[in-house]
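To keep things clear, I will list the structure first and then write my remarks on it.
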Amino acid sequence: MSVDLSSYRDQHFKGSRSEQERLLRLSTTLYVGNMSFYTTEEQIYELFSKCGDVKKVIMGLDRFHKTPCGFCFVEYYTREDAENAIRYVNGTKLDDRIIRTDWDAGFVEGRQFGRGKSGGQVRDEYRTDYDSGRGGYGKLMAQRVVPPPAVV
């Protein structure tokens with residue numbers, strides 16, 4: 001039984017909607033999100049290789065600082081192994097964070113960089129909560145120089 005596609009579509013995809021759908025249905029590449037900024041490539045390999053042979057991991061990087069920014073792409077050799085990862089890894093914890101996986105139409109150079117104005121992920125621009133696993137406050141809140149909450 002194959003794993004269905006989610007409703008999410010990359011708005012920056014270079015091509016038609018039907019081409020994107022076709023690539024998603026054939027893809028062996030996953031987008032992995034909600035990762036800690038401190039999760040390593042080795043941890044990704046260790047977790048995702050439980051579902052099959054991992055061909056490549058591409059860590060998401062801040063566009064300006066070239067530091068991890070909470071996402072990656074995992075490419076498998078087979079669709080079946082990628083489907084197993086979506087079935088069994090999606091929604092599990094890695095570095096105390098519940099990660100999410102989704103199909104990707106295939107990694108293209110340049111997509112490893114965050115798309116937010118500050119260089120990271122867009123979702124981290126507007127976050128108002130303090131999240132130590134994702135660099136503290138969201139970028140807009142951090143500009144207000146708010147001290148982190150006291151650790152009790």
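Each residue, glycine too, has its Cβ placed from N, Cα and C.
Per Swiss-Prot, the features are:
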BINDING   TYR8, TYR31, ARG100, THR101, ASP102, TRP103, ASP104, ARG111, GLN112, PHE113, GLY114, ARG115, GLN121, VAL122  mRNA binding site
DOMAIN    28-106  domain 'RRM'
Mean pLDDT for the domain 'RRM' (28-106), rounded to an integer?
92
Reduced to three DSSP states, the domain 'RRM' (28-106) has 21 helix, 31 strand, 27 coil
Which of ASP102, ASP104, the listed binding-site residues, has fewest other Cβ atoms within 10 Å:
ASP102
Take the Cβ of ARG100 (mRNA binding site) and count every other Cβ within 10 Å, whichever protein chain it belongs to.
19
